[in-house]
Amino acid sequence: MANLGVEAECEPLIGDHTSGSREWDIIETQENYKSRWRSIRILYLTMFLSSVGFSIVIMSIWPYLQKIDQSADASFLGWVIASFSLGQMVASPIFGLWSNYRPRKEPLIISIFISVAANCLYAYVHVPASHNKYYMLIARGLVGFGAGNVAVVRSYIAGATSLQERTSSMANTSTCQALGFILGPVFQTCFALIGEKGVTWDVIKLQINMYTAPVLLGAILGVLNIILILAVLREHRVDDSGQPYKSLNFGAANTEEVQISQGNIDQFAVVATNVLFFVVLFIFALFETILTPLTMDMFAWTQEQAVLYNGIILAALGVEAVVVFLGVKLLSKMVGERALLLGGLLVVWAGFFILLPWGNQFPKIQWKDLHNNSIPNTTFGEIMIGLWKSSREDHNKLPTGCPIEQAWCLYTPVIHMAQFFTSAVLIGMGYSACNVMSYTLYSKILGPEPQGIYMGWLTASGSGARILGPVFISHVYTYLGPRWAFGLVCGIVLLTVTLLGVVYRRLIAFSVRYGRVQESPS
């Protein structure tokens with residue numbers, strides 16, 4: 001499996017010279033080919049570090065927030081967590097537009113520098129005498145703003161690969177992103193050995209402890225990433241058949257490029273793909289959010305058990321995602337991207353359908369009043385708060401089960417363990433396939449023109465989904481229960497499948513649409 005990415009990168013740059021394809025008038029040299037792929041691999045690293053920046057502190061935000069500012073509550077925690085996605089949503093179109101008219105190095109370096117500065121600010125939020133929680137909010141928002149460079153990364157890769165290379169490259173990019181989300185909490189766990197006190201560098205008022213060490217590592221890696229971008233990254237653009245362009249994305253286009261890119265982008269397909277991508281991320285975000293309260297309610301797990309077991313489940317889903325990302329490279333050649341996207345949505349629907357409560361067995365009822373993450377209330381911060389309370393409470397004294405405050409606990413059948421695990425596997429598999437295929441199809445629909453602003457809007461739609469998904473599921477689950485919550489999700493997925501059916505024939509590559517390149521139908 002490890003050789004799949006290398007094999008895909010060594011594929012011919014163009015397909016057979018059929019009647020629908022153009023002959024080359026510019027030949028890519030071996031030196032240019034090697035430089036192009038070195039640049040793409042540097043951006044794989046950038047994508048990895050971007051996702052690590054989000055996940056490396058996610059498990060320690062709550063105790064650190066409580067330590068620096070006693071006035072912070074669960075509601076504010078929700079804002080701190082959401083600020084990353086809000087920052088990314090704002091920044092993605094800005095960096096994308098910037099990359100359309102200037103060398104991609106510029107927005108990449110500036111965005112990474114912002115992330116480095118934000119990580120340093122996070123390490124110093126304990127220093128001010130007051131309002132510390134707002135400094136943390138700003139720091140996490142700026143880290144998210146810097147992560148808006150995801151749009152630049154994907155637009156560069158889309159513009160530097162041919163149609164034959166595109167699916168493999170997008171899968172590699174998503175693999176690096178998934179690995180970042182998996183390894184971030186692992187790095188955090190390793191730094192936990194330093195302890196809360198750690199060591200203090202009095203001269204510069206720097207505390208190096210289990211809360212600040214991860215972001216300081218992120219800052220160091222960011223600096224190294226900037227150095228690699230300056231030293232290795234070069235501007236490369238090829239058309240859908242693999243032919244290099246004489247002019248790059250910034251500056252005025254020459255006559256040849258205008259002729260090559262003649263034709264209008266299918267804006268309806270563009271909007272539809274943004275909607276599809278939003279739904280895909282919306283669904284997985286709400287699934288991640290509901291894991292802890294669902295398992296505590298249905299299986300009577302304590303907070304400690306929920307944190308441990310769900311952490312293992314999410315790590316396993318991350319590994320599953322990497323396997324799926326590698327597998328779609330082969331499957332896309334056999335059935336095509338559109339069929340894989342449709343199949344992924346159907347698998348996700350099956351996962352949530354299986355998760356619906358059935359039968360006449362009911363969950364254990366928690367009769368005592370317990371305010372924990374089983375009752376999300378108004379923000380998903382109160383869902384997340386249980387992830388950090390476990391080490392501070394004696395769980396042997398806490399009641400477990402489905403809280404009586406949730407009236408649906410009295411009449412909703414229990415979700416069995418086999419249902420839950422089968423559903424998790426299917427949802428993880430379907431989401432991973434849909435994620436890669438959405439990006440791949442989107443980049444192909446846009447064609448040879450610079451894709452920065454379009455990728456910015458796609459990234460922004462995904463960030464919005466990660467904000468709205470937890471809010472939606474926390475309200476519906478709390479007040480109506482899993483039957484309504486997952487039933488509505490099944491309905492949303494079916495509507496999405498219907499939308500995909502409507503636009504299915506329009507989700508084709510720009511060059512295929514205008515007959516310049518032939519691609520296998522799917």
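Just so it is clear, glycine is given a Cβ too, placed from its N, Cα and C backbone atoms.
Owing to the predicted nature of the structure, the values given are computational and were not obtained by experimental measurement.
The following features are taken from TrEMBL:
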- 39-513: domain 'Major facilitator superfamily (MFS) profile' (DOMAIN)
- 42-64: transmembrane segment (TRANSMEM)
- 76-96: transmembrane segment (TRANSMEM)
- 108-125: transmembrane segment (TRANSMEM)
- 137-157: transmembrane segment (TRANSMEM)
- 178-195: transmembrane segment (TRANSMEM)
- 215-233: transmembrane segment (TRANSMEM)
- 268-287: transmembrane segment (TRANSMEM)
- 307-328: transmembrane segment (TRANSMEM)
- 340-359: transmembrane segment (TRANSMEM)
- 420-442: transmembrane segment (TRANSMEM)
- 454-478: transmembrane segment (TRANSMEM)
- 484-504: transmembrane segment (TRANSMEM)
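It is 137-157 that, among the stretches 108-125, 137-157, 178-195, 215-233, 484-504, forms the most Cβ pairs under 8 Å with the transmembrane segment (454-478). Of the ranges 42-64, 108-125, 307-328, 484-504, the one with the most Cβ pairs under 8 Å to the transmembrane segment (76-96) is 42-64. Sequence-distant neighbours of the transmembrane segment (108-125) (same chain, 6+ residues past either end, Cβ-Cβ under 8 Å): 46, 50, 53, 57, 68, 91, 95, 132, 135-136, 138-143, 145-149, 152-153, 205-207, 212, 215-216, 218-219, 222-223, 225-226, 229-230, 233. A contact between the transmembrane segment (307-328) and the transmembrane segment (42-64) is absent, since fewer than 3 of their C-beta pairs, 6 or more residues apart, lie under 8 Å. Nonlocal intrachain contacts for the transmembrane segment (420-442), taken as residues 6+ away from its ends with a CB within less than 8 angstroms of a stretch CB, comprise 154, 166-167, 170-171, 173-174, 178, 270, 273-274, 276-277, 280-281, 283-284, 287, 294-295, 298-299, 313, 317, 320-321, 324-325, 328, 332, 337-338, 340-341, 343-352, 354-355, 454-455, 458, 507.
Using a Cβ-Cβ cut-off under 8 Å and counting only residues 6 or more beyond its ends in the same chain, the transmembrane segment (484-504) has close neighbours at 268-269, 272, 275-276, 279, 282-283, 286, 290, 338, 341-342, 345-346, 348-349, 352-353, 355-356, 473, 476-477.
At the 8 Å Cβ threshold, with sequence separation of at least 6, the transmembrane segment (42-64) comes into contact with the transmembrane segment (215-233) through 3 or more pairs. In the predicted structure, the domain 'Major facilitator superfamily (MFS) profile' (39-513) carries a mean pLDDT of 83.
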